[in-house]
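Enquirer: Dumping the structure here so I can ask a few things about it.
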Amino acid sequence: MDLNGETSTKRKRSSVAAPAERPAKHLKPGNSTLTPGDATPANGTVYNVEDEEDTGRVMPIGPAQADSPEWQATIEKVVKSVVSIHFCQTCSFDTDLSMSSQATGFVVDAERGYILTNRHVVCAGPFWGYCIFDNHEECDVHPVYRDPVHDFGILKFNPKAIRYMELTELKLRPEAARVGCEIRVVGNDAGEKLSILSGVISRLDRNAPEYGDGYCDFNTNYIQAAAAASGGSSGSPVVNIDGHAIALQAGGRADGAATDYFLPLDRPLRALECIRRGEPVTRGTIQTQWILKPFDECRRLGLTPEWEAAVRKASPHETSMLVAEIILPEGPADGKLEEGDVLLQVNGELLTQFIRLDDILDSSVGKTVRLLVQRGGQNVEVECEVGDLHAITPDRFVTVAGGTFHNLSYQQARLYAIAARGVYVCEAAGSFKLENTLSGWIIDAVDKRPTRNLDEFIEVMKTIPDRARVVISYRHIRDLHTRGTSIVYIDRHWHPKMRMAIRNDETGLWDFSDLADPVPAETPVPRKADFIQLDGVSQPAVADIVRSFVRVSCTMPLKLDGYPQAKKTGFGLVIDAGKGLVVVSRAIVPYDLCDINITVADSIIVVAKVIFMHPLQNYTIIQYDPSLVQAPVQSAELSTEYIKQGQETIFVGFNQNFRIVVAKTAVTDITTVSIPANASAPRYRAINLDAITVDTGLSGQCTNGVLIGEDGVVQALWLNYLGERTPNSHKDVEYHLGFATPALLPVTSKIQQGIIPKLRILNMESYVVQMSQARIMGVSEEWIQKVAQANPSRHQLFMVRKVDCPPPQFTSNADSLQEGDIILTLDGQLITRVSELDKMYEKEVLDALIVRNGQEIHLKLPTVPTEDLETDRAVVFCGAVLQKPHHAVRQQISKLHSEVYVSARSRGSPAYQYGLAPTNFITAVNGVSTPNLDSFVREVSMIPDNTYFRLRAVTFDNVPWVVTMKKNDHYFPMSEYVKDPSQPLGWRTVSHERDRHKDGITPDAANLNPDAMDEVYEEVSDVEPEVD
């Protein structure tokens, strides 16, 4: 891509199939293609790790000419050493988000089982993966080394696991890389087809490419060649005609030019030899970035003719020198070197190459080196103590209150030229979800105490009680000029454990340990507050209604029911101040596995719980403890009369700044609607309700509010309704509509009496038909006249749009509605208004008269108990959230294939890697039928860790397929959430460890972060940023 005249480079990525017109949920992975609309390829990869946000295309390779016999013989030997690497980074760490991907590597020690690949493949954080050899044998791999700076890492495999081919290794010959040398890049295209691309080395002295905000290599030269390597080629060997590896594929141009960049193998060869000898791979640093600059630029920086002549005489082929680009504050060179210094000598040795500089620094850790530089034509000699590069590269992280933290890395510090210290938020989730940004925050202080490093942060967090609200001070690494201050709610009940993870290079795993139990929450105390007074508002009723509003914040620790967010805030209306009852939109409180906090008078914060959720009409009733609120809260008076079209009313709402706004207006329309279904993944939506619209622009700006009369009586609630996700922008649509209060009264009156209604509903969705349509469909003139008399304002009947999938208790011979039926009467009453359908709420069977295919038919329609439709259990397995199909699924599907429904999945998990997608149904495990969650848990509990198993699944559109998956209990242990009213949170958590049940497992132990979970197929943006 050409950006203002500049070209950009990128790491190679697998091509992604074009999105299909049909919703992605209707598709299943095939054998070798990506699933359209999803980031999960069919073969179990998600996106190539070299992906980046630039949309520039790699130049397609034309038909290759036949290679010479020498090259053919070489390639035949080389391909046996090349492997396809499939891997996950199981959680976000440093510059990388959690992900599943693939790349290439090659065997460099067949006896010990070492594979060389890129550092961005080996990952800075927790790695889990396997490799596939040329003969399609597979074995597990784990990292033994990842370089802190340079783009290479070493994986280890068990050579004895390869039984059907003789292992061969490639010799590393970095000295064989020369300008004009003919090369072949031998890699894997999406892990399926061997890709052999030819090229010629054109440069040996290119500076390392910049990859934007992600991981970047530096302090090394790169080799440039014309090859245009394809997706999945990251980590491929660059070989010469002798069959020796002379470089490592790393990156390329994103503007379509057939140019690639390779890492020289000098430092990988040294690291491999150290590992073979069992020695540590020492890495030294003075925390300075150097770049190569040609002599003409060096002269402008002050290089004298005498020194230029000396350099050219000592190295006749050199055309550039090393120049200081970035000196990190508080580093060994801070105050000694300056940007623009031209490096002349190190320890008295004339030096112009990165390789020799690395040699000296890596062998001088803990020692002092002398550097001679030229600064503005003057010789300057300094001494710097060489630090340990591994010491400023994080190898541990801590999770607490839903967030993940580690010390700021040298990578990030170099990128933004800041000191390599501080607490870095690599996964901003849970209590630490700051400003809706996933990562990049530096925490300066918590609870007014400084947190200069991870150890200080841990000690502070150990002392903070559950449910405490503390002040934190933070900055974003991209904007260090702005210091933010926020109050965070510390969640140590859904996330009770503070866990430390430490990298273990012997096993390749990250070892977890618990640091501290949570400090119990403090007992809440009553607090006083006064409501604001509205100045300049002429209606007294508006001034009073302010005392009936509270702010509602809902946080979900786990994604269920297809709901797309982990936190939602809005406003609710107090309907009984004495009992603490509040009605709020169900788009704000979608299910009861959540934390609800209510703010009264912008001052008092109290906890609330879910009392009732309406299955169709988009409202939830919650309850707080009124004894904790010493404020003049007023119960809103709800109208018993339905508001009418054209009637004047007062609109009172809250805008996006949570400020109250008022407008006198009129009702423009009252229409029977159903909120559109979300095509990509079913989720709760309101159906069969009369929606009110008003004649004011404020109605579209306000998510919550009320319509009130001059007497202060609430005529309608103003609610936000969650709608569909747009296919192009992938944003969720919200509708803002009024809901008449008389429809609330039957439910609220019972709750005020201490009775929780257990509603029953007809399992169908309807829409309005006018009399012209009804007559054509067979409704008689007699009934048309009756409709006109029964409802003079709206001559309408209701037609069945969709019949929900019937529950298991329905018998096959029971009467049922069908799509296209027109409902005339229920229990003898003509149905012309939505409110007249409410009679179904308390009836097990309804006598119905319908018109079907032009004939009037009498039916005995059974109703469905709504408590069976709400989610009361969830199983988290291999990163997938499994639950019984919720109501929205039943509304949109005609047949339930099982009661094991995939609701969401975590990025970087086995479910993500192997393509088990949301909206799939699991019907069998290893050939054993699993019709429900009990049978599923029983079968998967018998599967050993790190073992493959088969899942038979069915897509939402009834297409069966089989997925093979490998179990991972270390990073993704199975856990379960079960609704339990006896528990303080209303839910209990259970762990399943080798047939043992253990209460108290938490999302922390199950490696869950709802913000890193997908509830739908979607096109995920590339993890790698643009490259300049």
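Backbone N, Cα and C atoms are what each Cβ position is placed from, and that goes for glycine too.
I grabbed these lines from Swiss-Prot:
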type     : residues  : note
REGION   : 1-46      : region 'Disordered'
REGION   : 82-266    : region 'Serine protease'
ACT_SITE : HIS120    : active site, charge relay system
ACT_SITE : ASP151    : active site, charge relay system
ACT_SITE : SER233    : active site, charge relay system
DOMAIN   : 289-374   : domain 'PDZ 1'
DOMAIN   : 876-957   : domain 'PDZ 2'
REGION   : 991-1028  : region 'Disordered'
COMPBIAS : 991-1001  : compositional bias 'Basic and acidic residues'
COMPBIAS : 1012-1028 : compositional bias 'Acidic residues'
Enquirer: On the DSSP side of things, how many residues of the domain 'PDZ 1' (289-374) fall into helix, strand and coil, could you say?
Expert: 26 helix, 28 strand, 32 coil
Enquirer: What is the interatomic distance between the Cα atoms of HIS120 (active site, charge relay system) and ASP151 (active site, charge relay system), given in whole Å?
Expert: 7
Enquirer: With DSSP as the reference, give the number of residues of the domain 'PDZ 2' (876-957) in helix, strand and coil.
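Expert: Here the numbers are 20 helix, 26 strand, 36 coil.
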Enquirer: Enumerate same-chain residues with a sequence separation of six or more from ASP151 (active site, charge relay system) and a Cβ-Cβ distance below 8 A; give 'none' if the list is empty.
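Expert: Counting only residues 6 or more apart in sequence, the Cβ neighbours of ASP151 (active site, charge relay system) under 8 Å are ASN118, ARG119, HIS120, ALA208, TYR215, ASP217, LEU248, ALA250, LEU263.
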Enquirer: May I ask you to report the DSSP-based helix, strand or coil state of HIS120 (active site, charge relay system)?
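Expert: SS state of HIS120 (active site, charge relay system) = helix.
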Enquirer: If you run the three-state DSSP split on SER233 (active site, charge relay system), which class comes out?
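Expert: Reduced to three states, the DSSP call for SER233 (active site, charge relay system) is coil.
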Enquirer: Let me know how many other Cβ atoms fall within 10 Å of the Cβ of SER233 (active site, charge relay system).
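Expert: Looking across every protein chain shown, the total is 29.
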Enquirer: According to DSSP, does ASP151 (active site, charge relay system) sit in a helix, a strand, or coil?
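Expert: DSSP assigns ASP151 (active site, charge relay system) to coil.
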Enquirer: 10 Å Cβ neighbour count around HIS120 (active site, charge relay system)?
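Expert: 30, counting other Cβ atoms within 10 Å of HIS120 (active site, charge relay system).
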Enquirer: For the region 'Serine protease' (82-266), provide the mean pLDDT of the predicted model.
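Expert: Averaged over the region 'Serine protease' (82-266), per-residue pLDDT gives 89.
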